[in-house]
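Take a look at the structure set out below.
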Ligand SMILES: Nc1ncnc2c1ncn2[C@@H]1O[C@H](COP(=O)(O)OP(=O)(O)OP(=O)(O)O)[C@@H](O)[C@H]1O
Ligand SMILES: Cc1cn([C@H]2C[C@H](O)[C@@H](COP(=O)(O)O)O2)c(=O)[nH]c1=O
């Protein structure tokens, strides 16, 4: 049986990573076969590309180079990790995917959502997520949360100004209108427990449908 490909998106500090780590662990306890992974990264080659893209010292990186590197990391991660897991019937929970490229590089960087979608089509062929949970948050609140998390490394994208991060959020809102069937919004400004409960309910329903 084919698994389910669920992606988690949102601006910086929305809480995606925290929530999906707990979700993966709780689903595993219920006996669900789960793969928790992330973009850019998830496998050795893509983690190396991540390091290049997110290194705060790489201040000269061209926007198209950035978009192509994300797409390259995505391609390798899909082929090496995501597709084999889906073919084994695994529930794949992925921290960011193509919508990050559309919101960050396509909209906020100004390369164009359609243009960035088109280079990503080369990378992903036809493999889009079954569902995408979008964690919506005001950038200021996201950064306030990040500021409280001392262990988190500061990456090159974090260093963009607040206007850029507002554009990222606006970009996601455009994507919600473009992909209403696939994308669901979660109000990530709420308390962690509430955000978690809502996320878990949605994911359990999706898994339930798969096993009908
Ligand atoms: N609902 C919440 N309320 C308050 N704090 C939260 C909430 N969710 C997560 N946090 C805290 O906010 C910080 C950022 O969370 P997390 O790293 O999960 O966000 P993220 O969406 O993965 O961010 P990024 O994409 O920028 O890495 C963490 O310190 C986490 O404990
Ligand atoms: C996949 C992807 C990511 N980004 C940006 C978004 C974040 O600023 C970083 C990833 O860091 P995180 O702590 O793991 O969230 O990269 C992007 O701009 N485009 C993409 O396709």
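Placed from the backbone N, Cα and C atoms, the Cβ positions cover glycine too.
Feature annotations, reproduced from TrEMBL:
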- 10, 11, 12, 13, 14, 15, 16, 17: ATP binding site (BINDING)
- 8-197: domain 'Thymidylate kinase-like' (DOMAIN)
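Here the Cβ of residue 13 (ATP binding site) has 26 other Cβ atoms within 10 Å, regardless of which shown protein chain they belong to. For residue 15 (ATP binding site), the count of additional Cβ atoms within 10 Å of its Cβ stands at 21 [all protein chains shown]. Spatially close to residue 11 (ATP binding site) yet at least six residues away along the chain are 135, 137, 139, 142, 165, 168, 169, 172, judged by Cβ distances under 8 angstroms. Looking only at other Cβ atoms within 10 Å, the busiest spot among the binding-site residues 12, 14 turns out to be 14. Within 8 Å of the Cβ centroid of the ATP site, not counting the listed residues 10, 11, 12, 13, 14, 15, 16, 17, the chain contributes 135, 137, 142, 145, 188.
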